[in-house]
Amino acid sequence: MAKRWKVVVGVLVAFVAAIVCGAFVQAGDVPDVITINSSIYQQHTKGLVQFTHKKHAEDYKIACTDCHHVYKDGKNVWKEGDPVDKCEKCHTDATIKGEKKLPPEQQKLNLKLAFHNNCVGCHKKLKKENKETKAPTTCSKCHPKKKAQ
């Protein structure tokens, strides 16, 4: 009976260890730099943004939930370790003329506005708090010039 008990405890310990290790492996799978590219756009009018994920998370101490979100009843229920979907899973609308004049609920579905409100909005807030910050707020500071094709 004692041997059986040790086997059960051993299996439970191994199971818990696998879950914990799996969470660390999943979190470690994030590349240091992420190219922001979406299949929603057949053609990009500006160069693709190279988002420095590692710098934002580790150096700038930006909370995961400042970017990653899943809203239920008006509250962000996403938490670190949850799956991360591509933004276009929820923000399904491509850029259109006059998009900034759309009703707020429709603007939230627009992928470009979602990125710009989140990224540029945060950068502008930082600049307001500290004028010396290097957080970019202009197109060319995030979008490199497109190379001639």
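Note that Cβ sites are derived from N, Cα and C of the backbone, with glycine treated the same way.
Nobody curates TrEMBL annotations by hand; they come from automatic prediction.
According to TrEMBL, the protein carries these features:
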type: SIGNAL; residues: 1-27; note: signal peptide
type: DOMAIN; residues: 42-143; note: domain 'Class III cytochrome C'
type: BINDING; residues: His53, His56, Cys64, Cys67, His68, Cys90, His91, Cys119, Cys122, His123, Cys139, Cys142, His143; note: heme c 1 binding site
type: BINDING; residues: His69; note: heme c 2 binding site
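Summarising the environment of Cys139 (heme c 1 binding site), the number of other Cβ atoms within 10 Å of its Cβ, over all protein chains shown, is 11. When the alpha carbons of His69 (heme c 2 binding site) and His91 (heme c 1 binding site) are compared, the span between them is 12 angstrom. The secondary structure of His68 (heme c 1 binding site), as reduced to three states from DSSP, is coil rather than helix or strand. The average pLDDT computed for the domain 'Class III cytochrome C' (42-143) is 95. When secondary structure is read from DSSP and collapsed to three states, His143 (heme c 1 binding site) falls in the coil class.
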